[in-house]
Amino acid sequence: MKRIGLKVAYDGTDFAGYQIQPNERTVQGELESVLKNIHKGMSIRVTASGRTDTGVHARGQIVHFDTSLSFPVDRWPIALNSQLPADICVLEAADVPADFHARYSAKTKEYRYRVLTSAQADVFRRNYTYHVRYPLDVEAMQRAAVQLLGTHDFSSFCAAKAEVEDKVRTIEDVALWREGDELIFSIRGNGFLYNMVRIIVGTLLEIGAGKRSAEEVAKILAARSREAAGKTAPGHGLISGRSNMTNGKLENNKTTNPCVTKY
């Protein structure tokens, strides 16, 4: 057996999240279905660096699986993409060490969130941006965002139903900037709690709207209560980005991006 690592992109619009769920279309379900076909009916388990929610997209989700097949690693994207639906694409594949783990080998993870700030809605971006019609004080949001840097207990920024006990995480970088009529949020850290990024964005948007002050962030963190933070921003504006792996790096396979014609 050998372990294969993949970098996967997907449009989360028509998925009930990444993780397999009964009677639901999921990214993991599609990947495992195709791998089962390739392995002549043998079930293959796929493990991901993160489990995205309904409607959330990914540009570089890292996954791994074990296989007894011996064909060249650069054939995996071709084999998988030939059977995957158009809203999933394997960008890269690599042979990785046996101790490589898509989740636990991730040193840092990065997410981006897109907010459309124009007065007019855009039907072509409705699945990829959260439309906010009211004015936003970006400087106030930036002052608030820097208070999230460092290691904190992020209980206030975690969904109440989350079962994880240790809610201490480290945020290495948080930034927001304008690109045309969009406001882009970028957050990088060593790991994220359930709905953490979306709650952070929702809270910053309330600060930008003047419903909260930038100085409230410290109090929200100290409260360690979900009720202290703002609303959870919708999933469709969120994109799971790159993961920095500690052992086993996915490199380009010197092949043409197999997904260029699919989007």
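Using N, Cα and C of the backbone, Cβ positions are placed for all residues, glycine too.
Annotation source Swiss-Prot lists active site, nucleophile at ASP53. The Cβ of ASP53 (active site, nucleophile) has 20 other Cβ atoms within 10 Å, all protein chains considered.
Cβ neighbours of TYR111 (substrate binding site) (same chain, under 8 Å, six or more residues apart in sequence): SER186, ILE187, ARG188, PHE192, VAL197, LEU238, ILE239, SER240, GLY241. The feature substrate binding site is assigned by Swiss-Prot to TYR111, with sequence analysis given as support.
Swiss-Prot lists 232-263 with the feature region 'Disordered'.
Residues or ranges marked as compositional bias 'Polar residues' by Swiss-Prot: 241-263.
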